[in-house]
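Over in Swiss-Prot, the protein carries these features:
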| type | residues | note |
| --- | --- | --- |
| DISULFID | 6-26 | disulfide bond |
| CARBOHYD | 10 | N-linked glycosylation site |
| TRANSMEM | 31-47 | transmembrane segment |
| TRANSMEM | 73-89 | transmembrane segment |
| TRANSMEM | 107-123 | transmembrane segment |
| TRANSMEM | 170-186 | transmembrane segment |
| TRANSMEM | 304-319 | transmembrane segment |
| TRANSMEM | 461-473 | transmembrane segment |
| TRANSMEM | 542-557 | transmembrane segment |
| TRANSMEM | 577-592 | transmembrane segment |
| DOMAIN | 679-930 | domain 'ABC transporter 1' |
| BINDING | 720, 775 | Mg(2+) binding site |
| DOMAIN | 1013-1307 | domain 'ABC transmembrane type-1 2' |
| CARBOHYD | 1050 | N-linked glycosylation site |
| TRANSMEM | 1068-1084 | transmembrane segment |
| TRANSMEM | 1144-1161 | transmembrane segment |
| TRANSMEM | 1163-1175 | transmembrane segment |
| TRANSMEM | 1250-1265 | transmembrane segment |
| DOMAIN | 1345-1579 | domain 'ABC transporter 2' |
| BINDING | 1381, 1382, 1384, 1385, 1386, 1387 | ADP binding site |
């Protein structure tokens, strides 16, 4: 065919120049080529030489660090320019196709312009990244020339009467506007940067974020193209495939996205709302307004992107309609009408009537639609993440000011706060993600219905009505689904609570043979949970069924109705497949409706919770007395502490309405020697609850400065409450508290240090920091060293002194990593005594002037207590003139006290020195003296020295105790430490990256059973085959409608043709009905499969764990086991079934679509291969990165929630130390770490979806082009073209979901893998050699114990802890066992219950070798009380007698023996009174007494007490000892002594050392031997 730039026709007007060259169209087109050629020739050398790639003087880790003015506008204009140029090229090709010869000038200039536009943006990007703006002069010239030449062309078109009816005229006008705007952008860069025409160019600094090498999240800084396509993630995804992603890889957040920045933005919004709404500044409405004020703009941007994406989504059906309609016509060639300038220009209608043009437009619309959609998702999620971080920071700041009483027994619990942080903030985040749907869904529905009506007419309203009318049903199902989920969550929480209790008390359960009771208790709750899960599965399957069946039903009703009621209008392929695509679009927002409504309701509830939390009571500063000395004496040196609790919901009490006056009146009334006192309380009444009875009444005390003050009293008299009241943690009803303002806050610490500030910033308290060690040790999940130093500067000498004073060095030596060992959450890897000593060590290490110690000796034996008292409290603190307040039951230390405060029933019984008590409180003093039974100080020091001298080696290492008090001897320390390091090394987390866990997948599916699995596979395959058959039949049916006349259809009568149509409709109806039924079958099958697997795996796991040996629980972290029952079971219960359904559906839909396209156009297979290779590598790289980022998102959320939990639990300690600001800084770090992981995960998901959807768009383009080509050559019907295009769009929609679901399934199958790993745990051997019939029912009835050559170890790989022990215990004897830590005392007691490996020797009880007994029989016939009290949530009756074997009288008798009868009678419900989880509503001593009562209930002939009275005061302990001796006079009692004096009345005393019996005789005999070890113990305990 002839080819020339201006054409080859001799008569062509293109060569005429008689009216001037500018009136020659070909010349004007040639003139338009000049600017483009100029740019290409100028820029290519610069790009290749490397001007644009040179880096700036500021060296940073990536290049895109600077944006010139108008950066985004330039990119937007360039994209529009490229689109218009593509249209111009296409228009030129179509216009040129009319004539025989080819006119290159119609499309070649546009092609050159397209190349130049791409070159311009590449050139600009390189100039921008190199920060060399002077080179932009080339673009300035180019835009000027292009604008001028294109303007000339536009004017000449107008002169030759070429107007809006010709598309070329419209495109030229748009190009003039675009070139002009780009020229203005370039001029604006000159104006701002002044790189030419000005003497002094304006320097621009790089963004502050990018000067920090740690900022690697580049989304805010890259150019617009990279932002839209997430191109910058390519390098990150590629790197992630080579090495694991960790926090160092994702580094820091940009400043604008950090929690502190967003928190400040939120605070500004809250302040603005507070000024507007003074009545309820923390109300729900005010919170919503503040959130919208702070984050609303980004939400509007996301909504704009979403609306644009939804509107562009309708391009697919419209283009399908146009393409199929064009191919369905007989004549595909339009006839030319009029020529202008020697050529013919097509109109817009002719342009849009071309199938190839529509295919290209469909491709571009899909690209743009997917880009806008992903941009909307990203902006919404980013906004939600920023909002979440801001709210979490605000919650934390509120916690720092909350009343302790409100946390401990008020409206807000620690669990509720953690839920607020972990759940409610996420609810708000996801609401912001779904929020744009609230206003985009109506737009999508309205436009969809209008287009359906335009294409189908009235019959379209039938199908639309079906979809819309079923929306309330969907909402109803979604509501029921939400209710079922909520009920499931309640039962799940109850089950986890019971499981947690069961695991924490596993040692007690095994010792008491209660495993089956608590296992049944968990199974009962699990059955309730499974009932809820079945309801959840039913509604989920209905929801899935409706999602898949409604489009089929709508299409069926619409099309059958169309041919039935509108017989004059046939169902053409263009109408059918365009309508089919529109129905799929229309269904989407209605599916989302239920999710959006649920999310909105949840967000409203969450904001209400947040409002209640933010409005809760706070501790606020009272007005303080002036710091200057008052005119009268030195009274002004005392200031009020911040004790006032402000409740924003209630008016302040009248008694504390104005405390400034009373305080100023009270302050001068102090004695003149006020400077000698640290703190003084006058007439104080304190309570825990706002309206409760005062816990402390009429408190008037003075704590001397620089001296040791001891607070003593019986259990529950208010000693700990007094400390907390002094620290300002209780609600003060009346009275005043004064702190000496001249007290230095700490030694060597600048009082103006910013670290001393509280989290509130401006709310600085007058009291200085107080080193506080609570009765219940509070530890961080950090190293031992970090817990002791507590973020204070490390002082090696002082650190060693503190370690020595607390006797921690032996314990540190056996830890896997010494003092760098992570101690676990709540110090779970340590024993009670170790936790207590680390807590005390923290208080000793701090250089504060005031130290409060709340019962630090409770979990320590006599030697540790004496050493701590002497080396720690006396030498480190008192001798250093620091004020020490010590709460204790150890009355033998009273002579060391400078000041004593005696409490009774919440009041001060007496305060003074010990001599004061001797003079004025003779009876009380004599009582103390009896309890103390002390000898003079010189003898005590002498015996201590003798004891130290008698030790074979000083500092003998003690074995590390487990959380249940397990004691190992020193010989196994090395081995145990090595094993601990190998099995549970919390100090270093090994990042393992596995491939797709196919084995776990096989185990999951095989757990469902062969029948259910077969049904699942068969129904899924059959369903998708039927769905393809429906659409294929529709193509055949609509193709038949293209034959216009009955004759052409080979029908003699019109009735026959109607019959033909009815056959098509009938078959279509049958196929659709079968498809709907199969949708129901598959949805039910997949959910029931998930239920069966969940039920089977949980039952297997529970049975395996409950039967596991105690060694398993001692070497496996409790949190790890609990996670299997919580998160992993939840994943299997609720997530895997839905993910499995989505994965199978999306995969089979993609396979079906590709199969149909390949069938329609086999040549598509050629293009499919490279696309498949690209998809494979994308999914391969994405899965690895997604798995790492998902795990990182989860692992960074755990420390965040744990930090909140730690803060709530240790709030008193944090506020006492004045460490609010430090902990808030940690919170910001944890929040930012979690947010950066979430943002990278979001960006990775967007990267995947953009890649896969762009590939999907390529599939659509290739499928469209090949289908059109085949159809034009009469090789393909229009119906099959429509079928192929519809399925091509389906690939575009489901390709990314397939990869996403595959990645999700890979992560979720990890739960199955972990559970199966636990199922391999070996169970204890519960079976015995003796048949139950051979064991007497009342065995053991005498209590005779024979121990013959007994050797015991904890594991076959470890060395013995008891060696060749031989002894005889006669019936009814009372045996006392003592020895140093690690001597084997507890191992001796555990041997009776076969809790340890008795590899040699035997124990014979009443003539029966216990090794031959079934474990349950043995353990149920003995009784033991452990050192650590264990109580379970439930009634007192359940805790005493879970087997329900005893009468009420027996239970009351046991309570009376344990000194608890009066306490329980005072409770509402008596024996049915509720004990909270862990017995938190009782004191430590009372919990231990309940455990004693529980043992008394069993009434066995052998009774073992393992340091059972450690947490009880001496008076109560003495009473109990007498009661035990009386109540168990005829029983054998083995007592392991914590306080040696408690076994002085025993018949025999056994002293153990290194697992062997050192001494065994009557206590009188051993005491008479001055060199006996027992005698030295007694002297030290006095």
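Here the Cβ of each residue, glycine as well, is placed from N, Cα and C on the backbone.
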Pairwise CA distance, residue 1381 (ADP binding site) versus residue 775 (Mg(2+) binding site), rounded so that it is a whole Å: 22
Whole-number Å value for how far residue 720 (Mg(2+) binding site) lies from residue 1382 (ADP binding site) (Cα to Cα): 31
Intrachain residues whose Cβ lies under 8 Å of the transmembrane segment (1250-1265), provided they are six or more past its termini: 228-230, 323, 355-356, 358-360, 362-363, 366-367, 370-371, 374, 1157, 1160-1161, 1164, 1167, 1171, 1174-1175, 1178, 1284-1285, 1287-1289, 1291-1293, 1295-1296, 1299
When distances run from the Cα of residue 1385 (ADP binding site) to each of the recorded positions 6, 26, 720, 775, the nearest one: 775
Fewest other Cβ within 10 angstroms of its own Cβ, chosen from the binding-site residues 720, 1382, 1384, 1387: 720
Closest of 720, 775, 1384, 1387 to residue 6 (disulfide bond), Cα positions, binding-site residues only: 775
By Cα-Cα distance, the member of recorded positions 26, 1384, 1386, 1387 nearest residue 775 (Mg(2+) binding site): 1386
Selection from 73-89, 461-473, 542-557, 577-592, the stretch that has most Cβ pairs under 8 A to the transmembrane segment (304-319): 577-592
Spatial neighbour of residue 720 (Mg(2+) binding site) that is closest, considering only the recorded positions 26, 1384, 1386, 1387 and their CA atoms: 1386
Spatial neighbours of the transmembrane segment (461-473) far in sequence, C-beta under 8 Å, 6+ residues away: 445, 448-449, 452-453, 546, 550, 553-555, 557-558, 561, 579, 583, 586-587, 590, 593
Local backbone state of residue 26 (disulfide bond), from DSSP in three classes: helix
Sparsest-packed among the binding-site residues, when each Cβ's other Cβ atoms within 10 Å are tallied, from 775, 1381, 1386: 775
Alpha-carbon spacing, residue 26 (disulfide bond) to residue 1387 (ADP binding site), which is rounded to whole Å: 103
Contact set, same chain, for the transmembrane segment (542-557): CB under 8 Å, 6 or more residues outside the stretch: 462-464, 466-467, 470, 473-474, 477-478, 481, 579-580, 583-584, 587, 590-591, 594, 1027, 1030, 1068-1069, 1072-1073, 1075-1076, 1079-1080, 1083-1084, 1086-1087, 1141, 1145
Per-region confidence, the domain 'ABC transporter 2' (1345-1579) (mean pLDDT, whole number): 83
Among 6, 26, the most crowded of the disulfide-bonded residues [Cβ within 10 Å]: 26
